[in-house]
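S.K.: Pulled the feature table from TrEMBL, pasting it below:
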type	residues	note
BINDING	Arg64, Asn168	substrate binding site
DOMAIN	1-246	domain 'Aspartate/glutamate/uridylate kinase'
SITE	Lys5	site 'Transition state stabilizer'
SITE	Lys229	site 'Transition state stabilizer'
Amino acid sequence: MVVVKVGGSAGIDYDAVCADVAALWKEGRRLIVVHGGSGETNRVAEALGHPPRFVTSPSGYTSRFTDRQTLEIFEMVYCGKMNKGIVERLQRHGVNAVGLSGLDGRIFEGRHKDSVRAVENGKVKVLRGDHTGTVERVNTGLIELLLSGGYLPVLTPPGASYEGVAINVDGDRAAAALAAALGADALLLLSNVPGLLRDFPDERSLIREIPANEVEAYLDFAQDRMKKKVLGAAEAVAGGVRRVIFGDARAGAPVSAALAGAGTVVS
Ligand code: ADP
């Protein structure tokens, strides 16, 4: 089993990713796709007059402040345009894909965090009304049901809180929780960079290998959103996933290339 997380930043070639996923699926590989949608969500939020707000925690993690209106815009883009766009591409390639959010069937479940600590102008503030959370449980039964019926699951945030409220969960960490829960052989975190760069944005500084027991030490190289990917990788390997690969989704056959070891391999 391979979990393929494809990001939502500018430059990602979804046609290339879907063609590659479809080819591997037809060869008999068991695959699950998890995707993001942050770039498009930012554009739609601006257009709807509710621009995105990003907050940085005291420990340096950046996240989207998700008030109710933001959550609704987030759902339109992630569960609507992005999810159906990927499902449609896979269907065109003859793969019977099913697109679901983590809220559907409680695929991604976790605790709702209503408030977030954010550093603004050098001061730590507590912001309330946030709809975020971290995936703590995965409904593997529903995923297995789809796979055993021959359907390829295409999953996206949000997840469900224990009270049944939609929560914005990080896609990389959700994919890591899914890969661990399913005992996947590999988790691919595909984005618009060649992998983890020692000296971002210099692409020649690609880190090729990270020993599984040293992942957290590499958090220092990652800035802003890349930190969540490194954290997700650490969680996945701690959860028993043998290989996590940070790969490039901008062209070529991104899934096959990552499986063949292109990018940053954590093992
Ligand atoms: P996605 O939405 O595709 O999952 P993100 O935009 O959340 O991906 O994270 C990838 C981004 O992280 C890159 O586009 C890059 O701007 C940034 N980044 C920060 N530090 C690094 C690093 N050391 N190596 C690679 N990318 C980095």
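Residue numbers in this text run from 1 along the chain shown.
Placed from the backbone N, Cα and C atoms, the Cβ positions cover glycine too.
Note that this is a predicted model, so its numbers are computed, not measured.
Tell me what's around each of these sites.
M.R.: Every protein chain considered, the tally of other Cβ atoms within 10 Å of the Cβ of Asn168 (substrate binding site) stands at 24.
Annotation note: Lys5 (site 'Transition state stabilizer') sits in a strand segment as assigned by DSSP. Using a 10 Å Cβ-Cβ cutoff, Lys5 (site 'Transition state stabilizer') registers 28 neighbours.
Taken residue by residue with DSSP, Lys229 (site 'Transition state stabilizer') is part of a helix.
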S.K.: Within a 10 Å radius of its Cβ, which of these recorded positions (Arg64, Lys229) has the fewest neighbouring Cβ atoms?
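M.R.: Across Arg64, Lys229, these recorded positions, the one with fewest Cβ atoms within 10 Å is Arg64.
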S.K.: What does the structure give for the C-alpha distance between Lys5 (site 'Transition state stabilizer') and Lys229 (site 'Transition state stabilizer')? Integer Å is fine.
M.R.: 10
S.K.: I'm trying to understand the geometry here, so how far is the Cα atom of Asn168 (substrate binding site) from the Cα atom of Lys229 (site 'Transition state stabilizer'), in Å to the nearest whole number?
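M.R.: Given the Cα positions, Asn168 (substrate binding site) is 16 Å from Lys229 (site 'Transition state stabilizer').
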S.K.: Looking only at the domain 'Aspartate/glutamate/uridylate kinase' (1-246), what is the mean pLDDT?
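M.R.: Mean pLDDT across the domain 'Aspartate/glutamate/uridylate kinase' (1-246) comes out at 97.
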